[in-house]
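Trainee: Got a structure here, written out as C-alpha cells. Questions coming.
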Amino acid sequence: MAAGKSRTAVISANPLKLDVRSHWQCLTICFFMTLSTFQYGLDYALIGGFLSMPGFLEVYGYYDPKLKKWNIDATVQQLMSSFVTIGTFVGSLLVGPISSRFGRKHGLWAASILNAIAAIIMISTTNLGAMYAARLILGVAVGWFFTFAQMYIHECAPAHLRGLVFSLYQVMLCVGSITGASIDLGTHQMKGRKAYQIPLAMFFIAPTIQSIASIWAPESPRWLMSQGRDEESEKALRTLRGKAIDEHQFQAELSEIRESTKEQVQANTGYLFMEMWRGTNLRRTLLCFAVVCFHCANGSSWITNYTTYFLTVADVGNAFGYSVLLNCIGLVGCLFSICFVRYLNRRTVLFWGCFLCGIFQLVPAIVWAAEGSSPVSGKTIIAFFCLFYFTYVAYSPQAWLVGGEFPNNHLRAFTYGSATALNFLGTWLGIFTAPYFINPQQLSWSAKYGFIWFGSNMVLCVFILIFVPETKDRTLEEIHEMFEAKLPVRKFKTYVCVGVEQFAAQGTAKAAEILGEKIYPQEEILEKKSLTS
C-alpha cells in the first residue's frame, strides 16, 4: 500500500476466519499429510481380512476338521493383530524426544523407511516369528505416521479449519480401509501366498507419495518457533498461508505464535516429560490422555479389527462383502462430518457420538442374547454395525482434534505422543482380549460382547459433560491462555483472550509499519475492536 494512504489496522485473536478457498495452499499440504491415515486404515483392513483368507491360513493357521475349513489359533490371531499395536505404542512414546529434536517432517520420512522394511519382510517370509517382527516394525511406522502427521495438522491448519482438516484425515482413513477391504475381497479366493502378497504390495504407495510431497512442504512454524528459529518459522507460515492472506492477518498470527510460544518455552525449562505433570500442564495432560483414549474405550477396536472374522464365525453370508460395505458406510459418515464439523461445538459432537456408539452395540447384544445365531440376529448385527461405524467415523476425528488442542506448543510432542501411546495400549488390550469373547473355542459371546462397550460409552458421556472444555474455532494460543487462567469448563466458550489480543495487536502494528499505514496506539485499536464486536 502506498505511504500516503492509511487505514485502521484490524486485529483479532483468531485473524484468519476467511473462506476455505483462501487457504487452498495450506489445505493441499495438509491433504498430503493425511496420507498417513490412509496407511493406517489400509493396514488394519488388510490384516483383518488375512485372518479369514485360506491362502494366509494355510501358511500361518491349521485345518479344523470340526468346522471343515481353515482356522487360526486364538493365540496366533491375538499376536498377529496385537504386534502392530504394540509397535504403535512404542513408536508413539518415541515421538516426543524425536520430534523435539528433529521436527515433524523428519519423523514422517523415518516412518516411510520403516514401513518399507516391514512390507518387504511380510511379503517374503513364511516364518511366523519373522511375521511378528515385521508387524512390530510396521507398528512403529504406523505410530509415527499417525502422530507426526496429526501434530503437523494441529500446528499448521487455521483454527477455524482444523475440524475440517481432521474430518478429511478421517476420510483418508476410511478410503484406506475401503481400499484394503476391497483388495482382500478381490484376492481372498486366490490359492497360495499371492492372496495376501498382492494386498501387501499396496503398503509402498501412500508413504512414497507423502515422502515426495513432504520435500516441498514447510516444517511446522510452531515447532520452528519453539526451537528459536524465528526467520524459518515466518517463512514456513508464509508458505502455509499463501498470498490470499493480507499482511495484517499474517503478522497478527505470527505475533501470536511467536510471543505465546516464547512464554511457553520459558515457563517449561525442565525435562519436558516431567513438565507435562506440573502446574497447569497437569490438567491439560490428563484431558489430552482421556479424550484421545475415547477411541479405545468405545468398542471400535473389536469391530474395526475383527469384523470379517466375526461375521464369518457368526455364519453371516458374504462376510468379505459386508466388510467392504461397512467401510463404505464409514466413508459416508466421514463426508457427513465434513458438513457439520464447522458448525457444531466439539462437546456436542463428542457427547452424541459416544452415546450413539453405546446404543448401537447394546441392541445387537440384546438380540443375540435372546435369539442366538439366527437370520434375525445376523441382520441385526449387520445393520447396527453399520450404524455404529457411521457414527464412530463421523465423530472420532473430534477426539483426535480436541486431544491435540489441549497441550501447549512446547510440550505437544511429548503430551500427544504419550496420549496416543496410551490409546494404542488400550486398543491392544481390546484386540488381544476380543478373541476370547468372540472365538467359538473360547467364551463364544459373539455380539453379547457389546454389553461391555455400552457401559464404557455411557461413562464417556458423563466425563464429557463434566470435564471437557469447548475449544471450537480457538487458536492454540487462545487455548493456552485459557488453561493458564485456570478457567472452569463452563467459561471456555465465551472467554475473551486479552493476552492473545495484545499479541495480535503488536503484529498488526508491525504490518501497518511495513505497509506505511497510520499506526494507532494499541489501546485505541483494542477499544475500536470492542466497540465494533
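Backbone N, Cα and C atoms are what each Cβ position is placed from, and that goes for glycine too.
If you look up TrEMBL, you'll see 29-473 marked as domain 'Major facilitator superfamily (MFS) profile'. What TrEMBL records for 42-63, 75-95, 107-126, 132-152, 164-183, 195-217, 286-304, 324-344, 349-369, 381-402, 414-438, 450-468 is transmembrane segment.
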Trainee: Hey, would you say the transmembrane segment (414-438) packs against the transmembrane segment (324-344), going by three or more CB pairs under 8 A that are 6+ residues apart?
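Mentor: Between the transmembrane segment (324-344) and the transmembrane segment (414-438), which are separate recorded stretches, there is no contact, as judged by 3 or more close Cβ pairs.
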Trainee: Restricting to CB pairs under 8 Å, which listed stretch, 195-217, 324-344, 349-369, 381-402, is in contact most with the transmembrane segment (107-126)?
Mentor: 195-217
Trainee: Is it true that the transmembrane segment (324-344) and the transmembrane segment (195-217) have 3 or more CB pairs under 8 Å, sequence gap of 6 or more?
Mentor: no
Trainee: With the transmembrane segment (132-152) as the reference, which stretch in 42-63, 75-95, 381-402 has the largest tally of C-beta pairs below 8 Å?
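Mentor: Ranking 42-63, 75-95, 381-402 by Cβ pairs under 8 Å to the transmembrane segment (132-152) puts 75-95 first.
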Trainee: Considering only Cβ pairs under 8 Å, which range in 75-95, 195-217, 349-369, 381-402, 450-468 makes the most contacts with the transmembrane segment (42-63)?
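Mentor: The stretch with the most close Cβ contacts to the transmembrane segment (42-63) is 195-217.
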